[in-house]
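Asker: Sharing a structure with you now.
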């Protein structure tokens, strides 16, 4: 069926005139009836390009409506993700780029995980090494692999990942947004289509109704999202400090005379270089550093295999989880403290999800499963094998385990990898801030799109330099690896727990899977994360409290901005002009109408803004045509170009007043 509604022709036709349209076959009769009902209800015009398909016959429709008297509907067509049409060659390139953007954080965790763990729980015998290794191996398998790669990555918002992407997805499925500027037409954007709860799934419907009807639950959900996002930003500060400082610390193994102050100065120089190249974009930098990180992962695997064969292959026993029990039975409290170091092996897991807008789900999954995870496992196995015969080197487990002939090449590669790791969390921070801005929870900042093809690849200059300054302060004030590692764990676990809660809501509302699976996901992963979190909280007095204070400040900024945005919009709604007043003024609006077009920007999506009344009383004349322009964010990752603008007439035709909503 083809229905034509050219706005230019439509405005010149009589509104009461009926039209003839083509019908393809008798099965489309119900569609035409639905269309006519929708036309009478919404007074809208629907375009389609299926004119030449199938058999056609003419059917009379209802009266044609002037398209400027109503909101324009969209051209049908489902929004497609930028990554759906890429061929195998491009998938390989994307997978290679993910190394340089997504996996730097989790890839550099072997630099410091064992060092922090064994400072909290010193080695008494070889069984402690096996137990700690078993704990690390299963943390890697459960958190990054099972939770994030196999589950969380699929909870993306049409390619967008991160805390606010989950919130946006939930907002689209249930009316939980606190900003009262939703329109029925928003739900007719093609990218808005999703699997909604069916009538058969009573649990989903009841949960959805409860969530929509409770203001308290809506506010609680928003607070959880803001808390998670503040932790992501805190991660963007602590990741560079931890990664760069731990890699530069390797100099103390290779050069005996170097002091800690010199290590800090070198780290500061590296951080300045890192944030200076951020502006060149994800694709360019990702391709440039992708080979470096590939070499890093190969080095991890190679050194791990060498140490396994040279020292002790019995560490392979760590794949038996019973050794975790033995580790806790022998060390009790100290083993519990060591959890704060163990979680560092999973840092960067959230970056995989938050950086998803830069790449496709498949490219991230394939790269992690077939390259990143095997290399990490071999790296940890190799370090444990070395420590079996060298207990005294536990404080610098990674660099001490590197063969002497390969130390300096490995140090240089580790330093580059650490810089890349810092960049991974920075790009994740950009993505989260962009999403929070779209939902009115962060001040609007200049966003630079670094790719013409992929909309998600962005750079935010103000945030980039802000993160640099705070990271430098952090490195200079807290140069102890243990304290920074503890702060790292707090920031990472904070956002992990928020992600678990939000993905659980997605499972209930959107995926609609069995309640047993949902409960299993919550109990296993939230319980695991709470255990880790309880460990890192006990070390807050050591100096890691600084990162908590920073996260609270960011949370407060976002909360106040969201509250102010909501209050501002509600005030504009209360102060809008009545249509009765406009009718009393007449088409000349009680003033002189000068030739020209006047654009008046405001937040209202309905009604006449109060500021317009101020213009009428203070200006000697007003333009002959007035357009109220409202820039409105909708909870989809990208609005198709053909659906970005809604035009409608305000007041009678003779007033020449229109509204344009740019979505």
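Using N, Cα and C of the backbone, Cβ positions are placed for all residues, glycine too.
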Asker: Pick from 611-634, 635-658: which range does TrEMBL record as transmembrane segment?
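Answerer: Checking TrEMBL against the ranges 611-634, 635-658, the transmembrane segment one is 611-634.
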Asker: Examine the ranges 516-537, 582-603 and name the one recorded by TrEMBL as transmembrane segment.
Answerer: 516-537
Asker: Under TrEMBL, which of the candidate ranges 220-243, 244-267 is annotated transmembrane segment?
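Answerer: Checking TrEMBL against the ranges 220-243, 244-267, the transmembrane segment one is 220-243.
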Asker: Of 335-354, 435-454, which range does TrEMBL call transmembrane segment?
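Answerer: The listed stretch tagged transmembrane segment in TrEMBL is 335-354.
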Asker: Work out, from DSSP, the number of helix, strand and coil residues along the domain 'K+ potassium transporter C-terminal' (595-663).
Answerer: 15 helix, 31 strand, 23 coil
Asker: For the transmembrane segment (543-564), could you work out the same-chain residues 6 or more beyond its ends whose Cβ comes under 8 Å from its Cβ atoms?
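Answerer: Distant Cβ neighbours of the transmembrane segment (543-564) are 178, 222-223, 226-227, 229-231, 233-234, 237-238, 436, 439-443, 470, 474, 477-478, 480, 483-484, 486-491, 494, 536.
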Asker: For the transmembrane segment (335-354), which recorded stretch in the set 132-155, 287-309, 516-537, 611-634 gives the largest number of Cβ pairs separated by under 8 Å?
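Answerer: Going through each listed stretch, the top one turns out to be 132-155.
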Asker: Please tell me whether the transmembrane segment (366-386) and the transmembrane segment (132-155) touch - that is, whether there are at least 3 C-beta pairs under 8 Å between them, with each pair 6 or more apart in sequence.
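Answerer: These two stretches do touch.
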